[in-house]
Amino acid sequence: MNEAETIRYHAAHNGRPAELDLLDQTKLPGTLTRLVCTTIDQTHDAIQRLVVRGAPAIGIAAAYGVTLTPVDAESNSSLPEAQARYRQTIDYLATSRPTAVNLFWALDRMRAIVDDFSGPVAELRERLVTEAIRIHDDDRQMCRSIGCHGATLLADCKSVMTHCNAGSLATSMWGTALAPMYHLHESGHSLEVFADETRPLLQGARLTAWELHQAGIPVTVCTDSMSGSLMRQGRVDAVIVGADRIAANGDVANKIGTYPLAVLAKYHNIPFYVAAPTNTFDSELESGDLIPIEQRSADEVSYPCGTDSPRQTPEGVAVVNPAFDVTPAELVTALITEKGVISEPDTAKVRAHLGL
């Protein structure tokens, strides 16, 4: 069994409760440990604390989390009562992180199962487990497809830069932004990856560098402020990142620091690619200005090594810590999805790609 597998699920069996088994990414790269959730509160906390993170992964985790709803199929609970409890769980898990639309997409799929069901209560849980597994399996196929489409754009590159972590740790398999790198690596194509550290939580330095190194893909960590210098030196052939939400016009919400990276890439005439599944698109939002941006604790900036370590900002000084920023579509060379590539995205192209 792969100990680095991001998400596992163990169905209830012989009186043993169902378990959502997560790789604890807050402990990487120093410690490889897992966190087992058996309640919806534990699942909510794991998503909120970034034990599991990455837009596709939190959607999968939330879907499995719905199945942990305490509904006793052997009791006299009526179907309407059970449905009400599942809906309550879905609403609760939706509050764990506000920006990643994959979370709401996965929970909407689970809600549809609850709303449309008309059989025994015990069978409803089975249907929900089946749907969560299907969401997990769909994500694996998405990773393969994005890897294939993205590889065609990076085939002539010798080095690429990426931001945050949009790899296997953020999904069920290869990831989104890192999927083309895995695809090319399997094909024997040598590609160096610059992983910028991604402050304040260092997902690039801690997670992307770790998983690529584990896979044998050459990776070099650089500070966030070093990116422009590397581009000016001609050491970066392309930039590729993931996304947590994409508006109808192609504007992209991704980890804070993505927007300045896109500006730098534009200035240096370097392609800037965004890789994300179609369920990351929010066609109801006309532009990125409408995307809700999660504001996280100031402690993540003031105590970068944890609150038990020395404070790195002066006491009493204000700290701003948005988790995401928005990159305008005009800075995006192409969007890469499991369906293909949207070059120079705009509203018309996005709608056509999504079949709207």
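Every residue, even glycine, has its Cβ placed from backbone N, Cα and C.
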Need one residue: from Arg8, Arg16, Arg87, Arg97, the one Swiss-Prot lists with Arg53, Gly54, Ala55, Gln203, Asn254, Lys255 for substrate. Arg97
Kindly assign Gln203 (substrate binding site) to one of the three DSSP-derived states: helix, strand or coil. helix
According to DSSP, collapsed to three classes, what secondary structure does Arg97 (substrate binding site) have? coil
Apart from Arg53, Gly54, Ala55, Arg97, Gln203, Asn254, Lys255, which residues in this chain have a Cβ no more than 8 Å from the mean position of the Cβ atoms of those residues at the substrate site? Ile58, Ala100, Cys164, Asn165, Ala166, Ala170, Gly242, Asp244, Ala323, Phe324
DSSP output for Ala55 (substrate binding site) maps to helix
Secondary structure at Cys164 (site 'Transition state stabilizer'), reduced by DSSP to three states: coil
